[in-house]
Structure formats: structure tokens, C-alpha cells
């Protein structure tokens with residue numbers, strides 16, 4: 001298949017689909033007597049993606065995607081973490097299968113299984129929850145546990161979580177009742193001391209107690225305009241029984257609790273005891289048990305409402321490089337698109353991607369830190385490109401990432417190293 005541009009032929013060529021000329025688009029791809037532009041190719045890809053996404057609901061079990069379907073969808077956006085993706089795929093499949101068959105009666109009542117995601121910062125907890133919501137096309141909201149307090153104290157009431165879910169569903173109560181709620185930083189509401197205190201802990205144990213009812217299923221009275229400023233408004237009644245709650249947290253220090261427990265069990269003649277310091281955090285977190293979460297500061301009832309525990313591993317250099325370039329919304333693709341809008345090609349060399357990944361690991365920010373690193377590298381270039389029309393390509397290599405030089409600017413017709 002041949003790519004044609006304005007310099008390849010004297011006559012003007014047009015896209016056979018949208019009718020734009022070769023001068024209005026970046027690329028024209030030639031076929032037998034027809035041409036298609038890059039914009040139409042992208043549009044076709046979007047249509048196919050939407051149909052695939054819609055088709056996922058038509059799979060077996062009358063509309064509930066299979067765990068394998070969910071796993072494959074998660075693979076498109078989340079790199080690595082296969083074990084966590086499998087656990088989530090099965091748990092979410094069972095949850096929506098339970099909803100589908102809940103109205104059909106029968107002797108056995110299926111209980112809800114909320115999910116706890118445990119993993120280091122920047123390992124993909126939030127992204128997994130967001131991708132699940134997209135897969136099922138259900139209302140989704142995120143809440144930060146650190147802002148929550150018991151009702152009557154300064155801070156956000158737990159009912160505000162359901163209000164956000166209602167807003168995400170355009171105040172459609174029926175739709176909101178089948179949504180997904182992701183509560184981040186759940187480890188920050190652990191009990192401040194291992195033994196109950198006589199002083200009231202309104203942002204720790206108090207919030208856990210307040211979340212209990214929501215998570216197990218209750219009818220929450222939700223003020224549509226927020227509770228404290230409009231006391232006269234009518235309340236909406238939302239049944240939380242069928243809302244899937246996914247809680248996530250880094251649980252810094254949990255690995256030490258697990259290591260202590262494992263070491264105690266390994267004591268004895270001939271017992272093999274691995275040095276806890278030599279194990280990765282993710283390896284230890286995989287061995288997490290409810291008793292470890294209790295020791296960390298979660299109350300027994302709260303741990304009981306989160307029967308499914310999925311642990312995420314630390315991301316290594318190889319995984320971070322894949323995250324940079326492989327997912328559908330990969331960071332490299334996003335920045336390449338930004339430069340493409342200015343008719344400039346952005347190129348990252350393989351050693352540059354490795355250097356960026358190493359920097360993220362040094363900063364201990366995981367995948368979340370990749371964007372700030374790339375943004376810092378390209379800031380001055382993005383400032384100049386819109387006003388300098390003679391730039392054709394920007395090349396980022398290892399030396400650029402390590403601060404030894406500026407990104408290389410390839411000019412139209414000649415090359416110049418900035």
C-alpha cells in the first residue's frame with residue numbers, strides 16, 4: 001500500500017470517503033483506484049472499537065460478559081497485573097450475573113462480593129476500576145476516603161459518594177443502583193491505634209462504621225443538592241444493595257505485618273526463612289490475609305464486607321516501558337497526537353523509554369509518575385512548536401531524558417540539534 005503526499009504527484013488527490021484533498025490531511029493511503037485519509041482510518045477504527053464494546057454485552061449468559069471478555073478488555077488498557085485482572089474479572093462477572101438472576105427467585109440468595117485492591121502507588125488500581133466501568137457502561141464514581149468523616153463533622157459525609165454516583169447517572173436512580181463506586185486511599189481510614197480509644201476517631205474507625213451499611217446494602221437518603229447547605233430539599237432514596245464497591249489503597253507498612261506473620265510461622269529447625277527485606281512489596285502483599293488487615297487498623301466488620309482481595313505487584317522497567325507505548329491510550333500515543341495536531345512527528349527512541357521508566361522507579365511513583373516526567377521533557381518544545389512552522393520532527397533519546405541535551409528538532413528539509 002503506497003502513501004502519497006503533495007510532493008508525490010502533480011495532480012491533487014482526494015480521499016474517496018470524506019472528499020478532503022491531500023493538502024487538508026496528513027496522509028493519503030492509496031488502494032486500487034481509491035484513496036483513504038488518516039482521519040477516515042481513525043474514524044473506522046473508532047466505529048469498530050465501539051461495535052466490539054457493544055458486542056461484548058451480547059456474549060454468553062444473556063448479556064453478562066464472560067470473565068475472559070472482561071480480562072481481554074482490561075488488557076487493552078492495563079499492562080501486567082494479570083493475577084489482579086483475573087480476580088477482578090471473575091468477581092465482576094459474578095456480580096452482574098447475580099444482578100441478572102436476582103429477580104428470578106429461587107432458594108439460594110446470592111450475596112454481593114465487594115472488592116479490595118491492595119498495591120503500591122501507581123500500580124494501576126484506579127485505572128482497573130475505571131476500565132471496568134467503561135466495559136459495562138454503568139455509572140461510575142470515585143471517592144477519596146481521606147476527605148470522608150462521620151455525619152455531623154467537618155468533611156464529606158459518606159452519603160456524598162452516592163450523590164456523586166447519582167450525578168454520574170444523570171439522577172437516574174435505577175441506573176445508579178447498578179453502578180460501580182471506587183473508594184481510593186481506603187488505607188488512610190484505618191484505626192489510629194490498634195486498641196479502641198475512648199476519644200472519638202471521626203476520620204478513621206468512624207468512617208469505616210459509616211461505610212459499612214452502604215457497602216452491605218441499605219436505602220440511603222441522598223440530598224440532590226448536597227446535605228448541609230439546603231436542609232429543606234427532598235431526599236432521593238437509593239438502594240445500595242446492588243452497587244459494587246471497589247476499595248483501593250497502597251497500605252504502606254502492610255508488607256511488614258505480613259512478613260512478621262510469615263516469619264513467626266517459619267520458626268523451627270530446618271525452616272526456610274526468606275529475608276523480608278529481599279522480597280518485593282508486591283510479593284508480600286500477595287500473601288495478605290484478613291488478620292493482617294485487622295492488625296493494620298481496619299475493623300473486622302469492614303474487612304468482612306470486602307471478601308475479594310486482589311493484590312497488585314510493583315511495576316518493573318519492562319512493564320513501565322510497555323505502559324508508555326502499548327495501551328490504546330498510552331502516554332507516547334497521547335503526546336504523539338498532540339504534536340500531530342501541529343503537523344510534527346514525535347519520536348521516542350527505545351533507550352529513551354527505558355530511561356523514563358528508570359526515572360519513575362527511582363522516584364517511587366510507579367506509572368502515575370510517567371506523565372510528569374514526559375511533560376517535563378517536552379515542556380519547552382511544546383512551548384516553541386506552535387510558533388515555529390519549520391519543525392518536522394522531534395526526537396527524544398536517552399541523553400534528553402538524562403538531561404544532557406534538549407530534544408532534537410528535525411527541520412523541514414534539514415536537521416538541527418537544539
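A Cβ is built for glycine as well, from the same backbone N, Cα and C atoms used for every other residue.
According to Swiss-Prot, the feature domain 'ClpX-type ZB' maps to 3-56, an assignment based on sequence analysis.
The annotation Zn(2+) binding site is assigned in Swiss-Prot to 15, 18, 37, 40. For the recorded site, residue 15 (Zn(2+) binding site), the DSSP three-state label reads coil.
Residues annotated as ATP binding site in Swiss-Prot, with sequence analysis given as evidence: 120, 121, 122, 123, 124, 125, 126, 127. Residue density at residue 126 (ATP binding site): 16 other Cβ atoms are found within 10 A of its Cβ, drawing on all protein chains shown.
In this structure, the binding-site residues under consideration are 15, 18, 37, 40, 127, and the one with the smallest number of other Cβ atoms within 10 Å of its Cβ is 18.
For residue 122 (ATP binding site), the same-chain residues lying six or more positions away in sequence with a CB closer than 8 A to its CB are 315, 360, 365, 366, 367, 368, 369. Of all the binding-site residues listed (121, 123), 123 sits in the most crowded Cβ setting, with the most other Cβ atoms within 10 Å. Between residue 121 (ATP binding site) and residue 40 (Zn(2+) binding site), the C-alpha separation comes to 39 Å.
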